[in-house]
Structure formats: structure tokens, C-alpha cells
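Participant: Attaching a single structure in C-alpha cells format; questions to follow.
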Amino acid sequence: MAAQRIRAANSNGLPRCKSEGTLIDLSEGFSETSFNDIKVPSPSALLVDNPTPFGNAKEVIAIKDYCPTNFTTLKFSKGDHLYVLDTSGGEWWYAHNTTEMGYIPSSYVQPLNYRNSTLSDSGMIDNLPDSPDEVAKELELLGGWTDDKKVPGRMYSNNPFWNGVQTNPFLNGNVPVMPSLDELNPKSTVDLLLFDAGTSSFTESSSATTNSTGNIFDELPVTNGLHAEPPVRRDNPFFRSKRSYSLSELSVLQAKSDAPTSSSFFTGLKSPAPEQFQSREDFRTAWLNHRKLARSCHDLDLLGQSPGWGQTQAVETNIVCKLDSSGGAVQLPDTSISIHVPEGHVAPGETQQISMKALLDPPLELNSDRSCSISPVLEVKLSNLEVKTSIILEMKVSAEIKNDLFSKSTVGLQCLRSDSKEGPYVSVPLNCSCGDTVQAQLHNLEPCMYVAVVAHGPSILYPSTVWDFINKKVTVGLYGPKHIHPSFKTVVTIFGHDCAPKTLLVSEVTRQAPNPAPVALQLWGKHQFVLSRPQDLKVCMFSNMTNYEVKASEQAKVVRGFQLKLGKVSRLIFPITSQNPNELSDFTLRVQVKDDQEAILTQFCVQTPQPPPKSAIKPSGQRRFLKKNEVGKIILSPFATTTKYPTFQDRPVSSLKFGKLLKTVVRQNKNHYLLEYKKGDGIALLSEERVRLRGQLWTKEWYIGYYQGRVGLVHTKNVLVVGRARPSLCSGPELSTSVLLEQILRPCKFLTYIYASVRTLLMENISSWRSFADALGYVNLPLTFFCRAELDSEPERVASVLEKLKEDCNNTENKERKSFQKELVMALLKMDCQGLVVRLIQDFVLLTTAVEVAQRWRELAEKLAKVSKQQMDAYESPHRDRNGVVDSEAMWKPAYDFLLTWSHQIGDSYRDVIQELHLGLDKMKNPITKRWKHLTGTLILVNSLDVLRAAAFSPADQDDFVI
């Protein structure tokens, strides 16, 4: 790029911070009022006595030659002067020379006139520590070796890097020049949103000056005429080693040591160790809470490695779909990206699971003067590589070639493919390209592929760029909380494509709280416009109501031009406050995008969501655990607050069909859930729906029948269905609702449960403790029977009734030992809470299966979902001890994580989940269902609920009840 383009890109003098968007306060530390007030000096201007401040770029000198390996890097020779614009990339910095810009290796350059350090002229540092962690720590404190020596906070003209704006472009905020400790004001700290996991936190030293955050460009000022070294601390770790490192080695060590500590938001999210707790119960409670926390969070780095985590919410738009030999199409939600699978893609009986995910930031390789990414990078994963056909990718891109012959002959659209996100990418021929829609056929399928579409002009010559030949659209998205509050923050994002995810995870990082939990923001609205060239954009936000205002100092943010050129997602934060918190209502936000000449490029309006309802209804998502201080704050769910509990009626089940038995069956291995019967007898069938499970040798289809006082399964081939007329040979007692209820609840007492989870669900979903107590058999007993203290809220009263049930069931003095699970489910069914019952039953089944399978869970995972060995290791990794082994008693934990993930992929049908789980267990060698038969009983239970409900509650009242 030409020098004048560089000057245009940097003429605003605004610093670029690490959050992929300029979030520095424009009004507090800058005296500039327009984009044209700062003059960019030539390299020679830095050598005069009164140099011009060089706002954004830091001058470095090359210490060795570098020949680029691709077109995104910058070529230079030893002794060349370069100007660094951004150092957030670790080993790679973004810089320019007098003709073009690109990435340079940080180890190949050295800051110019870097005198105030222990760096000698030879480029060597003596007595460095052996530990890379100490190297990184010391690099973060460079410039802080003056002990408690006071330095006047004024400007020094002999340092061209110390400008009058008092802003360090590599510091996250405006910092006064050399303040004393008592001058530090936390209110001046600029809150940032860090979205890239590679950003390091701010480090502050009490014995060092606060003008540096660890970048080697931040030079300490010295008084005029003084060039002596400042006194060095004797406890400096550089003096504790005999090893010598070169400057190049230091850069590599710094990058390596920084990587593991700043690779993720979740580096502190570690599994608890058993030795940290005094009892096994304490460790179990801590582990369950840790797993709940881990599954409710989203680590972008670990999401693909550990499929058992991060299930609650998708961060980037994704979908998983399973297709059979009939083929079909899979579309990425809320996008125009789809994959078409032809019929016969896999053999009959086989399935193909396709996973698609849109990655927001493209790799560096895809964007340059001759290339521009016009789609998100699509990650495609396939489970089955034994295929007979290719697949077709169709997507809508964010650019069209201009409608003139020269543009069409110079630039073309290309589909690129790679096995790695970072490349290298190879071209894939396009089947067709019509306007902004392209189709490409993917051959030689791999387990994981990355596909992107670019506009590419290989013959473009300087000073032209590919942007001159295309109409490139960028997408502006506005994200905010689910409900507005008296004070909240919104985020404006700029994408180089039209794939704006519905949810954006952000972490707000301040110097007081460097590692907060990420927050999920919702997409309020988005807007597309055509951008003629990559340039600095000024984004402004205004409110249409006087009650809400965007702070004057926060109304404008800047996105750098080179970010747009590289296709990086820019995220800008706008805090909004209400003048009168008592009068909250939705309002309209207007977003303006201006160019560097203050001309409005586009603007759009977005309506905000409503304030939260006054009832403060809890989210509908499942909460498995409660903290102690949250018990009194539980609010009933919307369903519970409107429920009228009907009366369970004991009467005959009338909606039965009957059949004639064609064969006599007597079983050697008795099974409570498989019926024995005599040829010629009649049998009542609860429905004609069939369940599938393994018999003595192979998988069969079964009816749920009632024969001589027992509910169980009968093989469909042994029954001739005759209709609703009761046969004369149908012996045994008549089936009533109370008998049916007692029969189908037989397996409940053999299921494992987590009491805290059950308690939370009931507190959220039952609105009347009186109805609950009556259904449990505690008829007409006062509240004082269940608790001594007076309870204020209905959820707490429900919890006290549940606690009483638990005590009675665990009381060994009772002559009749009751089952907690059975009594609870029976009471809920009598209250017509079928939706709550199936939710509890599915949780019980998954947990019980995990405990029963334990060490054989890998075999089950292979039968259910064809999980790879790497995925299995990822499920186990959070539960390994210090020796890297999962204890045999803890093996149920990865099994439970897998089953939860798998059940979410199956869908919302609790019947399908339990049916597929049963079939998967049947396929195992020496299946556990041979000895543990209660999963069969659970399958009967969930398939009989509709018949029970239809018979026990009058049809006239059904419409008044909520399940």
C-alpha cells in the first residue's frame, strides 16, 4: 500500500487497543477534534530536536533480514526502519514501511533508541532467569526498575515515543505521564471489552511507575541531559541466572510463556482435587457444583476439544444433523449457508452426521491487497468417511464483482478449502456463481474441513486493491442484554460477512477485575451497507429518549481501516444509563457510521427489548443446583403460577384395545417387565405404539399390554389385535387408573437421583404446597407440621414438604419403607404435572445409566454416537487426577457428561431418548440390561403416561390445566 494510504489510515492519531476495536475514550485524553489534526511525520522527522508526535506507530529497526512466506507478511532487510501499529498478535506485529504494510516477526526487530533498560548494544541480556515465566514477568515490568525514585510527570522532547497526548497506544486506556501512587484515580480507568482470548491482563507494580504494561516500546523518560542507567533492583530475577539470552530468544520466550496463561477466559476453571476436602461428601458436592459451572460456561478454545462442556448456549452459529442414505440438506441457522447431500451418499443403513459452524474471524492468509474474504470460514465435520458421493456447499457471500468488463476480467470469486483453520488453503472449483450466491462441490472429504469464499485478483497491481473491483458489504450488528436496566452496556460489532450470531459472549475486563466471567448478549438488530474501501470508520450511537443517554465521552468509537482490510470482527462498547430508573421503558437507538471525513456512510435504528417484568420470572433453562443464599429468592415459573391442580380420579381405563394371544410363552429367566401368557387368552393393549428392545437373541418390537393383573411387554408377533371389543377369554381384574399408576411406577425406586436438582425443579414449578402435600398423603396437615419457622415464600414451603417426604422415606423405624422417587412421581402424576415428571424421569435415567455403565461408558458411547477416541479422551480430561488417570469410582462422571450431551442431540422427545438409550445398551457385549432390567420398566412408564392422563382426568377439564 502506498505511503499516502498509510497516512490516511493513521491520520486520526487514535490508538489501537487489543479488543479488536478502538475502545479508548475519545474525549478524556485527546485534544483532537477531527480526523485531520495529527500530522504523520517522515522517518527523518524523528531525528530533529523537536519531533512531531508519532501518535499510533512505534518505530523499530530490523536486526536481521526477513523474506515473507506468504502475501500477508512484510519483507524487510537488516537496518530498515519500520513502524509498528499493533502488537496484540504476540509473535507477529502489524507494521508498515514507506510503501506497504503487513505482519512482521517481533523477534526480527528492535525498538529504536531503546536506552533505558539493561539491553546492551550487542543485543544480549546477561543473567536472565531459566524460567520462561520469570522472563515474561520481567518483560511485563520493563521500565519499572527505578524503585521508588520520583520522576516529574512532564513531557521530554528528547524521546520521540513520549507524545503530548499522554497515551500509550499499547496500553488499554489513557494513563497520565508518570503519576505518583497517591495520584492514581480508579475512576479514570477505561473499561474495555476483551473478546480475543489472547489478550493479557494489566499488570501493576507498587514499586514501579505505572506507565508501562509490558510492551518493550514503552520507554521510561529521563531528565534532560541524563543518560545514565537508573538503579536496578537487586531482587530482579534477571540476576539469579548465569544464562545469557539474545533479544530474539527473549521474544520467543515471552510469546511461549504468555500463551498458556492468556489462552482462554477459563484458565482458572479447574476441577477440584480430592485432597482439598476433608470428607468425600464435601468433594462430591464441590465436584457437582464445578461441573454445573463448567457446563454453563463457554470456552471457545475448549469447546471443540471437550464436547461435554459448553452445551448450554452456542457462541458461534452452528448445527449438528444426522442424515441417512436418503440424503437431504443441512442449513446453518439464521444464515444463507447450506450443504446438500445427494441420495446414496452413504450405504443403506449407514448414517452421516454433519456438523457446521461459522467462524467469525478469517485467518490472515485470506485477506491482502489482492484477496478479500467475503464469507465466514465454515467448519464442516463429518462422522462417516465411507461415502459414495461428494457434497455440495451453497452460500450467500457479502460481495459482488462490479458490473464492468475490466472488473469481471480482473477479479473472480474463489472457494478455498483447508484441513486447518489457519491454512494453507487450496482452491475448489465453483459449480456456479450467480450474483452473491455461489455453489461448490466438495470431493475427497475429510473428518474436518474449513471452507471460505474470497474475491481474488492475482494480476492486480499497486496501487489498486481488490476492493476497487467489488461491491463489498459489511454488516453492523447491535448486541445488548436480554432486558434493559437502569444502566447497561451495548456492543456494536462490524463483520466482514453477513453471518451475525444470535448470541455474543463477551468479557468485560478492567484493571480491577482482569478475569471476569463472560456475559451473553443478544442480537438486537443488524444492518448491511456497501463499503468502497477499507478505511477508518467512526461509529456513533444516540438514544431517541431523554431518559436514556449514551455518555457524551462514549458516543463515538473508531474502527481502524486495517482491521476491516484483514476481515477481523470489531467490537465497540457503548454504556447507556437512565436518568430516572423508576421510569424504565423500551426505546430506540440510532447507530451512525461515518468515514474519516465525517460523512455519514449509513445509519439505522434498533428497538431495544422491554425492561424485565416486575415479577422477575426466572429463566426457563434448567437449574440443577442452588446456592444457600438463593433458596429464599426462588420465583415460580410462568407455568406454575397459572396451574390449577385437578383431582385424580380412580376409574377404569376405557381407551384400551384388545388382542388374542397366538402363542404360549413361559420364560426361564424371569423378568418383571416381560409378560408370560397362554395361547388363546385375551390381552388388553394400552396402545398400538411399539417399543423396541432386545429379546433373548435379537431386537424385537413389543406392545405394552395388561394381562392377568400385570402390565408388561408382549411380542407383537404373538398378538392378533381384534379391536376395542373385550374378548370373552380376557381374564383377570379390570385395569383401573390406580392399578395402572402402581404398576408403571415399579422401576422408579431403582433409579438414582440428585436431591438438590429435584428440590430446585419442584421449587420452581409447583405453585401450591397444600396441593403437593395432599397428593403425597399429608392431607389437612398444617404448615407447622413440615417446618418450625414461618416461611414467607411458596417455593420454600414446597421445599419443606419435600424435605418431610425425604425424612419419612429414610426413617428406618417406619414399618412400611417408602421409596422417595416412587412417592414423589406418584404425587406429581396425581397433580397432573406430567411435564415435570418426564423431566425428572429422564434425569434419573441418564444418571442411573452413567452409574451402572461406569467403566464401560466408552463402549456405550461408540454404540450410541460413534464417538472417536479423541472425543472420549476429551470427556474424561476434566476428571483426571494429577497422574492423568480417572479413578474407577469417578468413571460415572464422564459417562454422565456424555449422556447429557448425547440426549441434547437427540432432541426434546423423552421417549426417543430412553428408547435409543435402551437400544444402545442392548448392543453392548454382555449388555447390562440383562441384569439391570429397570430401564425396560422406565420405557413402559414413559409410554403409558398419555393413557393414564386421559383416563384419570376428565376430558371436560383438560383445557384448563397446564402440563
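Placed from the backbone N, Cα and C atoms, the Cβ positions cover glycine too.
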Participant: Which residue among Ser131, Ser271, Ser877 does Swiss-Prot mark as phosphoserine?
Facilitator: Ser131
Participant: From Ser257, Ser264, Ser296, Ser487, pick the one Swiss-Prot annotates as phosphoserine?
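Facilitator: Going through Ser257, Ser264, Ser296, Ser487 one by one, Swiss-Prot annotates Ser296 as phosphoserine.
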Participant: Swiss-Prot annotation phosphoserine: which of Ser201, Ser279 has it?
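Facilitator: Record lookup, Swiss-Prot, feature phosphoserine, residue Ser279.
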Participant: Could you check Swiss-Prot and say which of Ser42, Ser637 is marked as phosphoserine?
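Facilitator: The phosphoserine feature in Swiss-Prot corresponds to Ser637.
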Participant: Would you mind telling me which one of Ser31, Ser122, Ser246, Ser371 Swiss-Prot calls phosphoserine?
Facilitator: Ser246
Participant: Using Cβ atoms only, which residues of the same chain lie under 8 Å from Ser279 (phosphoserine) while being at least 6 residues apart in sequence?
Facilitator: none
